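*Asks:* For reference, TrEMBL lists these features for the protein:
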- 22-454: domain 'Major facilitator superfamily (MFS) profile' (DOMAIN)
- 20-44: transmembrane segment (TRANSMEM)
- 86-106: transmembrane segment (TRANSMEM)
- 113-132: transmembrane segment (TRANSMEM)
- 152-168: transmembrane segment (TRANSMEM)
- 175-194: transmembrane segment (TRANSMEM)
- 200-218: transmembrane segment (TRANSMEM)
- 285-305: transmembrane segment (TRANSMEM)
- 311-332: transmembrane segment (TRANSMEM)
- 339-359: transmembrane segment (TRANSMEM)
- 365-388: transmembrane segment (TRANSMEM)
- 400-424: transmembrane segment (TRANSMEM)
- 430-449: transmembrane segment (TRANSMEM)
Amino acid sequence: MSTTDDILQQIGEFGLFQKLVFLPLCLLSALFAPVYVGIVFLAFTPDHRCLSPGVAELSQRCGWSLAEELNLTFDLVCENSWRVDLFQSCVNAGFFISFLGVGYVADRFGRKLCLLATTLISIVFGILMAIVPDYTSLLLFRLLQGLVSKGSWAAGLTMITEFVGLGYRRTVVILYQTAFSVGLVLLCGVAYALPHWRRLQLAMSLPTLLLLLCFWYVPESPRWLLSQKKNTQAVKILDRIAQKNGKPTPADLKMLSLKEDATEKLSPSFADLFRTPQLRKHTFILMYLWFTSSVLYQGLIMHLGATGGDLYLDFLFSALMEFPAAFVILVTVDRVGRLYPMAASNLVAGAACLAMIFIPHDLYWLSTAVACLGRMGITIAFQMVCLVNTELYPTFIRNLGVMVCSSMCDLSGIVTPFLVFRLIEFWQGLPLILFVALSLVAGGVTLLLPETKGVALPETIEDVEKLQRKAKPKENTIYLQVQTSELQGLGRDISLGTKGQR
């Protein structure tokens, strides 16, 4: 009986149809970048004077904007500067709160419905943020935007990995992440051209409307339909893919099925992520890797913006480092595998953070270069954990697994602004010491995961359990040798017995 991967090999693993689906999803990824790190420009603190008793005038640059800054509009400077940290923490709190609900919706009611609903709601709250009259309303809409925008991005990631064949899975995941990097570069240019936080917020939100015009073409994931026993709909979509790709419809298409596991059910639950020993191990390690990647990723961006220099150039240089990071992944991921590049990139990021502590502040370009190296390292780790996360869960809980594990990234996003901007008031190197410790541990625990290079997406929990056995070829080899010797001995006994009878 044919599987989805078998059919995709016949109708095109990444043909014209998949490319047309992939383009709007890349736009979705690019437009998520301003939501994720737009705080760097929305809340960059300009030169100002804090009123202090007994001091006639005190000039200060105490945090992170533009001709009319969010900070000054709502008086978020001096003793109120912590409210800027809270502004960024709200969107990450939204990411974190939504992890279970949005992941459940995508796995229970479909990837496409989840994409449409979360994208539309994100547009509405993004526009409302640009016209709010007070700080409380701003926080509320920022929180509500966070509740849906991360879920939209994760559903897009899951959907594209399920539409393509094994040979192109890692490519589309990396390109999906690269689209996010393109969004960072565009954000820098738009922020420079629009020195007004309300206009910038609108510019970051309105382009998302284009997605609604594109989604009519994007069908539901055939893998998800099969996991819900909707075989007829899945066959129709795969037949449509074959026609668009110019391939003949496979004769055994109607025999398509998802491998069943007697322990699985149609409705995913949080407990499913911890049901077996391997699932538990994968979940805990991936949660830590997401947490560490986010702390270092956001932390290095914020640290760069808070330590002086040209904000726009610094941000642009660090964003551009994401493109060679994507190239490194493309070159190594199918040659070396997933685990060693991911572990090494965490160590490189930690080493860069350690070096930054000892670089004098007046060596601006050296400090920026090392920071960019660290940014490149953690970008590789971040993109790799996204890829590996989708490869370590069965279809019926894949989106839930991505949402739950990546929720640690959101939890770290809540605390990172406070860690960076409050610790830096004591000493600029203090946040970097924390980054070094986190990255070293991440590099070690990465190697405890099974290698997924060249392995088909697991369809069932049984497939996930087999991943660990495939990751231990030496043990399998020894076992086979023992069995072979036993069979040979048995063969000799049978042969001698036969001769004796004669």
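Any Cβ shown, glycine's included, is placed from N, Cα and C.
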*Asks:* Same chain only, please: residues at least 6 beyond the ends of the transmembrane segment (365-388) with a C-beta under 8 Å from a C-beta of the stretch. Say none if there are none.
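*Replies:* Cβ under 8 Å, 6 or more out: 157, 169-170, 173-174, 177, 181, 286, 289-290, 292-294, 296-297, 300-301, 303-304, 309, 314, 317-318, 321-322, 324-326, 328-329, 333, 338, 341-342, 345-353, 355-356, 359, 439, 442, 449, 452.
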*Asks:* Are the transmembrane segment (339-359) and the transmembrane segment (430-449) near each other by the rule of at least 3 C-beta pairs under 8 angstroms (pairs 6 or more apart)?
*Replies:* yes
*Asks:* Near the transmembrane segment (311-332), which residues from the same chain, at least 6 beyond its ends, have a CB less than 8 A from one of its CBs?
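*Replies:* Contacts with the transmembrane segment (311-332): 40-41, 44, 170-171, 174-175, 177-178, 180-181, 184-185, 188, 191-192, 300-301, 304-305, 341, 368, 371-373, 375-377, 379-380, 383-384.
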*Asks:* Restricting to the domain 'Major facilitator superfamily (MFS) profile' (22-454), report the mean pLDDT as a whole number.
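*Replies:* Looking only at the domain 'Major facilitator superfamily (MFS) profile' (22-454), pLDDT averages out to 81.
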*Asks:* With a cut-off of 8 Å between Cβ atoms, can you find at least three pairs linking the transmembrane segment (175-194) to the transmembrane segment (113-132)? Only pairs 6 or more residues apart in sequence count.
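*Replies:* Answer no: the transmembrane segment (175-194) and the transmembrane segment (113-132) share fewer than 3 Cβ pairs below 8 Å.
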*Asks:* Are there residues at least six beyond either end of the transmembrane segment (200-218) with Cβ under 8 Å to its Cβ atoms? List them, or say none.
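*Replies:* Cβ under 8 Å, 6 or more out: 20-21, 23-25, 27-28, 31, 34-35, 38, 41-42, 66, 112, 115-116, 119-120, 122-123, 126-127, 129-130, 159, 187, 190-191, 194.
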*Asks:* Answer with yes or no whether the transmembrane segment (113-132) touches the transmembrane segment (285-305) by the criterion of at least three Cβ pairs under 8 A, sequence separation 6 or more.
*Replies:* no
